[in-house]
């Protein structure tokens, strides 16, 4: 009985650790024609210019991260220059 309780506590702790970190959403920085990342000045989740840039690259959502536009679910295979 004690082993079952201990096992249950361990499983609960590991599941809590996983939920704290959450799942990382894959993404990438889109590149312009010269191969550079698109700059942005306002780092917040709903940056209209970054969303527009990401839509041009075929991605539904993007935001400003570290003063550069970041597109979610944008892998290396989809990286192209417009």
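Quick reminder: no glycine exception, Cβ is built from N, Cα and C everywhere.
These come from Swiss-Prot:
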- 40-64: disulfide bond (DISULFID)
- 50-69: disulfide bond (DISULFID)
- 54-71: disulfide bond (DISULFID)
- 25-82: domain 'LCN-type CS-alpha/beta' (DOMAIN)
- 1-22: signal peptide (SIGNAL)
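Locations of recorded Swiss-Prot features on the structure.
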{"residue": "40", "record": "disulfide bond", "DSSP class": "coil"}
{"residue": "50", "record": "disulfide bond", "DSSP class": "helix"}
{"residue": "64", "record": "disulfide bond", "DSSP class": "strand"}
{"residue": "69", "record": "disulfide bond", "DSSP class": "strand"}
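The separation of residue 40 (disulfide bond) from residue 69 (disulfide bond), Cα to Cα, is 6 Å.
A distance of 7 Å separates the Cα atom of residue 50 (disulfide bond) from that of residue 40 (disulfide bond). Taking each Cβ in turn and tallying the other Cβ atoms within 10 Å, the top scorer among the disulfide-bonded residues 40, 50 is 50. In sequence order, 27, 28, 29, 30, 50, 53, 54, 57, 59, 61, 62 are the residues near residue 71 (disulfide bond), counting only same-chain partners six or more apart with C-beta under 8 A. Long-range neighbours of residue 64 (disulfide bond) (same chain, six or more residues apart, CB within less than 8 Å of its CB): 40, 41, 42, 43, 44, 47, 49, 50, 70.
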